[in-house]
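**Student:** Below is a structure I'd like to ask you about.
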């Protein structure tokens, strides 16, 4: 969202939402309302309680228990209101404390930023004021190694531009040093003969016209007007808030965007919440339980009223109902509403609020097993996995599609210069360095062409030169590769040089040139010095046009020492082909194709010479375009397009990006697990396909569908239909499985644009039938669109995306699960992901092992809770059917005491299921890693489908029935239950409760596959706690609100009877013995794949 301001709106003379920022000179403008105060807090001290409660009660379960608590306070029910209020307060309270703590941390962070003292020009001197008090137009002084407080136009009081090195890791995650250029304010502009800062500041008056604030970090357009100076401003003149100044010692800037208008603030948006497929399934089950709850309530109410009227024979008991029943205006009385909601309260425990608490704890604690997994720690940097959200743990076990970036994800992003095409000939870089002295060994035109090629590489780049001292060896841990050029001598030049570039490609090309005796010795904003065979040449930089993702090329104009003006350009071959008309074009492009097939990254290098008049014409047109405020970018691109023509091709580079260790094995394992892997890259089609073969994504047995170089919709549509028909013919009569899907599709960016715009349905259908898809020449937004297409298709598969760079963020955030790699492309992908780790090969263990365990644990936890609910509800409802409905409704009686029922989920059955859900391993790790097929067994939520859910529900009903019938017919007098005598209900209910706790805990123990004593110990402890608390509550008369004297003396009355222990053991055995028999029968006579492998 763009934050707009009304400041100076009335004085604007330009259209399309521009505003004037006046350069302050002597005092703060009274009317300037743009302050630099930053607030990332979500709450204020007075809004916290109402806003937090409003947010929390948007959750269905929380709102349900709020309504339930109100009903229990209004209507007389079978339970104390405390049984609902206390759990609700616990959930609401813990969540509120957590959010308050997080908000307090945000407030603390805000204060550290807002209260920081910044030197700002006030009057005739710089005064240190709070950062929050900076306003637009302020002149700010920045010191090195300090964070920039707002968005500033970089100025210098010099005749020449000043370079500033900044790090923008807080903005885009890139850790490479970036260079910004100042706008020089020479002496004649500021009223002094010599440019110094010792002058009267009131002479510094002017205007900066800038565009409205927006979140694009790489776009900025403006004009600085000061006296005779009229200079265009671009992104390279803007110092962004959040970045850190590295050099020089201090710089100056004019504040243009402050506070919420800074690009950092506009980009600080909360990521959209992601919901797992299991959460959606649970919500469906909860809706079902709500329906069951209302049905049970309604049926019980109708039966109670029917029995009260029809079965109690004494008509005089209901004389008051005669007019009521015969009235044509039948209305529900207050007593009837109360009776109805009494049943509603009685069955309210169908919805377990403790489920959400348990899920949160299990997910939070479960992340520590992944973070502390030693197999997932990078042995080189010791980086551990980073879990940015624990809400998606179980989704790791449901992935069906994995979308992967190539460079830096499948490859190491370590660039090695392997070969070059120069003047139509291939030059290979041999391992024994025999090719390094190539130029000195050549003569004539060939030597000149090789020299021109490597000189062009040294000129056309964004590499920075770092020169350590000659006598001291450079440190090995500074991240730089130092190369001593061959052919140097003590008489001429002797030095060590390090190069640092914005990308590994740039550095690799300059290093390769140095190995061929062409050394970039020095480079700044005006000149670059190149040494060829110990002879130094200086080139003056006239214009620099950095690499742009839209143009896909970099250009530079330089003047040599002989006065020649040379335009050098390098870029992607599909773009450069349109600009080239001279040289060995066919031969070079054939070599580029060969390099791409070998998996190399390629660039075309071209150049041309300009006359002085041609350059002046271009420079004038470009300056006019750059000063334009309306459609500046389009005008500049138009000028460039008119002049970037008729280049001569001088060569091409081939840089190898080595595959990461274990990538092939990881992708093969993921495919065996039924996960379809796609490669989405901006690289060339040939390179992407070659890498796909290298990592075992493609092989000769797969049927390939080629969708590349399509320019019209009709042809593309015909091809897609042909491929779909071929798939239908091949798969006719066969069952599709991970092994039988043997199709792959190759798509490039242009074809993808057509397919997504006009043929999305058929294209999606084709892709869904393929086990592998390779998409090349893609933009970041196309990556996200492809992920969204698959995610939103009819089958709604679970998608995951993995990448390491800023261009992967869109698809990482779009996917159901986003993986970020901690690599050389910065940490933006890592920060934007749900889970980040150091190596692609770690994905195998994360998905196949941790994902499997997370899924099994969470799904069994959820179904176990529903099992407990059905068990408990069966006991409650069965008692209602057997008891006298009239008295039950009148007395709001229940077989379970409220305090015991409240502690049922909070204590008596909490510890075993938490331990199970944290450490359960139903299949050994070694087997999961060896047999990825186990992962496929749980796909499409197999462990939580309707059949599994109904099975758990049936177990609960079955065990509840056994519990009720065994106790009723073997221990208690039937008349006590039917007549609802107090002693009978208390004895029956509490016996049922103790047996119920024991059965559900031992049921968990029976299904667990955990070795050790932790889970059995927790089961024993939980059953001990039931008896302990029941004993304590029954030993005296309690006056607490939620503990009355209804339990007094009942515990000893039960346990002193020997028949109780017989019934206790008999109920436990009958409830669970059939499961043991069925389990062993299946293992012996109808074993599954899992049974065979585990045994």
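Including glycine, each Cβ sits where the backbone N, Cα and C put it.
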**Student:** Which one of 547, 622, 705 goes with 405, 406, 407, 506, 570, 601, 681, 682, 683, 777, 783, 807, 808 at the ATP site, as TrEMBL has it?
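**Tutor:** The candidate from 547, 622, 705 that TrEMBL ties to ATP along with 405, 406, 407, 506, 570, 601, 681, 682, 683, 777, 783, 807, 808 is 547.
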**Student:** Labelled transmembrane segment by TrEMBL, one stretch among 340-362, 363-385, 409-431. Can you tell me which?
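**Tutor:** Within the set 340-362, 363-385, 409-431, TrEMBL attaches transmembrane segment to 340-362.
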**Student:** In TrEMBL, which of 846-867, 868-889 is labelled transmembrane segment?
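**Tutor:** Going through 846-867, 868-889 one by one, TrEMBL flags 846-867 as transmembrane segment.
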**Student:** Examine the ranges 244-263, 264-283, 284-303, 304-323 and name the one recorded by TrEMBL as transmembrane segment.
**Tutor:** 284-303
**Student:** Look at the binding-site residues 407, 807 and tell me which residue has the greatest number of other C-beta atoms within 10 angstroms of its C-beta.
**Tutor:** 407
**Student:** With a Cβ cut-off under 8 Å, give me the same-chain residues at least six positions beyond the ends of the transmembrane segment (846-867) that come close to it.
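**Tutor:** That would be 278, 282, 285, 289, 352, 354-355, 358-359, 362-363, 366, 369-370, 373, 376, 385, 393-399, 669-670, 673, 675, 835, 837, 905, 913, 916-918, 920-923, 925, 928-929, 932, 934-935, 938, 941, 943-944, 948-949, 952-953, 955-956, 1000, 1003-1004, 1007.
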**Student:** Report the nearest neighbour of residue 804 (Mg(2+) binding site) in space among the recorded positions 405, 601, 682, 777, comparing Cα positions.
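**Tutor:** For residue 804 (Mg(2+) binding site), the spatially nearest of the recorded positions is 405.
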**Student:** Please give the sequence-distant neighbours of the transmembrane segment (895-919): residues at least 6 beyond its ends with Cβ less than 8 Å from one of its Cβ atoms.
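**Tutor:** For the transmembrane segment (895-919), the sequence-distant neighbours (Cβ-Cβ under 8 Å, at least 6 residues beyond its ends) are 78-80, 82-83, 86-87, 90, 349, 352, 354, 358, 361-362, 365-366, 369, 857-858, 860-861, 864-865, 868, 872, 875-876, 879, 985-986, 988-990, 992-993, 997, 1000-1001, 1004-1005, 1008, 1010, 1014-1015, 1018-1019, 1021-1022, 1025-1026, 1029-1030, 1033, 1042-1043, 1046-1047.
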**Student:** May I have the DSSP-based helix, strand and coil counts for the residues of the domain 'P-type ATPase N-terminal' (34-85)?
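**Tutor:** Across the domain 'P-type ATPase N-terminal' (34-85), the residues distribute as 28 helix, 1 strand, 23 coil.
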**Student:** Distance check, please: Cα of residue 682 (ATP binding site) against Cα of residue 405 (active site, 4-aspartylphosphate intermediate), rounded to an integer number of angstrom.
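**Tutor:** It is 9 Å, counting Cα to Cα.
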**Student:** Within the chain of residue 547 (ATP binding site), which residues six or more apart in sequence place their C-beta under 8 angstroms from its C-beta?
**Tutor:** 462, 553, 554, 571
**Student:** Sequence order is fine: just name those recorded positions in 405, 601, 777 with a Cα within 10 angstroms of residue 808 (Mg(2+) binding site).
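**Tutor:** If one measures from the Cα of residue 808 (Mg(2+) binding site), the recorded positions that come within 10 Å are 405.
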**Student:** In whole Å, how far does the CA atom of residue 601 (ATP binding site) lie from that of residue 407 (Mg(2+) binding site)?
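**Tutor:** Counting only the Cα atoms, the answer is 10 Å.
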**Student:** Can you give me the average pLDDT across the domain 'P-type ATPase C-terminal' (831-1088), rounded to a whole number?
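**Tutor:** Taking every residue of the domain 'P-type ATPase C-terminal' (831-1088) together, the mean pLDDT is 79.
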